[in-house]
Amino acid sequence: MRSSCVLLTALVALAAYYVYIPLPSSVSDPWKLMLLDATFRGAQQVSNLIHYLGLSHHLITLNFIIVSFGKKSAWSSAQVKVTDTDFDGVEVRVFQGPPKPGEPLRRSVVYIHGGGWALASAKIKYYDELCTAMAEELNAVIVSVDVCVCEYAVKFGYTAQANSSYFEGSYYTRYRLVPQVYFPEQIHDVVRATKYFLQPEVLQKYKVDPGRIGVSGDSAGGNLAAAVGQQFSQDANLRNKLKLQALIYPVLQALDFNTPSYQQNVNTPILPRYVMVKYWVDYFKGSYDFVQAMIVNNHTSLEVEEAAVLRARLNWTLLLPASIKKDYKPVVQTTGNARIVREIPQLLDARSSPLIAGQDVLQHLPKTYILTCEHDVLRDDGIMYARRLESVGVEVTLDHFEDGFHGCMIFTSWPTNFSVGMRTRNSYIQWLDQNL
């Protein structure tokens, strides 16, 4: 009996050691965040083990875990009709809210989910619940762009390197993910689905007002939404333009991983700096050998001439307010590793890093909403983008949450319900209601 108590005490101590991480007191529901982070870290470690054993790519396995535990069928309610379909071969989940009395046409949002260009799905409960709430509260049609569901790849032992013809089949003609495809294929899929939706006959089918359509997304989905916004604003052949864009803690640049928010939140869940840099490397099919060098900005050192002009476009010493900069110092290497940009030129592509686009592109963007969180490595990406847009005359609302963390807006239901999750979601939907 005594030995059992000792063993139990030891197990509890080990579990507490694994779960506990130091967090600032200002973050929302810190103990709940620790548990969420520990769960995600555990899933990552399982997927890494499976990758090490050669059974499947770690991102495919991790996505299988995420989708398996959170997948939700297309269930309609009395207020919102939910259907799964495809737009020009890209799978989408459509949420049709009730029309407002006296308004036969509804407004609409094309929503792109996050997940580091590699994880999650429109069909998991977090995004299903968010889009259902948007459709009902906005009396709108929400088009949630889905991903290929990677459970098929896991079940049949497929990887990105093996049997590529399988991935080109019907299961995989969707908003495809790393490691099945890499930049810029994710952008192409989202653009294709959005352009299909904007066709007059499709808008008529869903009773959508062509003058009241926006694009939105969170995290990597916010990155894709920003890329779509920039591309569509330059497309003279596009008949129906986007009225607005709403970007939720978007990832917007890969040149500087030492902005104040990256330095402040280097180990903050659920997106530590090291993990974010690895997502970038995965997105570009780069080598993990570059990760440590990129963390210290060796890829954009002064000797990398291609990055010289672009660095000026995200000079945070000029773009960020003093309350954000605090006492942090820029990290600009005199010499670095020019090989990184030679092998991964996508790092300097504005389609992957919308923050580095020129003023001639930014000035044509629609009204913009950007939500940022204090405890997030991506905080300063959003703030800098807001400042750059404002400088060229774009109307911008910057909505900052002091107790927010990356990903918080989708965590609104038990057991991952955070107070800041509900507040961010309400604020986001309220802005859409007032501006769309």
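Here the Cβ of each residue, glycine as well, is placed from N, Cα and C on the backbone.
Record features (TrEMBL):
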- S219: active site (ACT_SITE)
- D376: active site (ACT_SITE)
- H406: active site (ACT_SITE)
- 109-146: domain 'Alpha/beta hydrolase fold-3' (DOMAIN)
- 174-290: domain 'Alpha/beta hydrolase fold-3' (DOMAIN)
- 348-409: domain 'Alpha/beta hydrolase fold-3' (DOMAIN)
Secondary structure content, the domain 'Alpha/beta hydrolase fold-3' (348-409) (per DSSP, counts of residues):
23 helix, 19 strand, 20 coil
Validating a neighbour-count step here. Other CB atoms within 10 A of the CB of H406 (active site): how many?
25
Within the predicted model, mean pLDDT of the domain 'Alpha/beta hydrolase fold-3' (174-290):
96
Mind checking how the domain 'Alpha/beta hydrolase fold-3' (174-290) divides into helix, strand and coil residues in DSSP?
52 helix, 17 strand, 48 coil
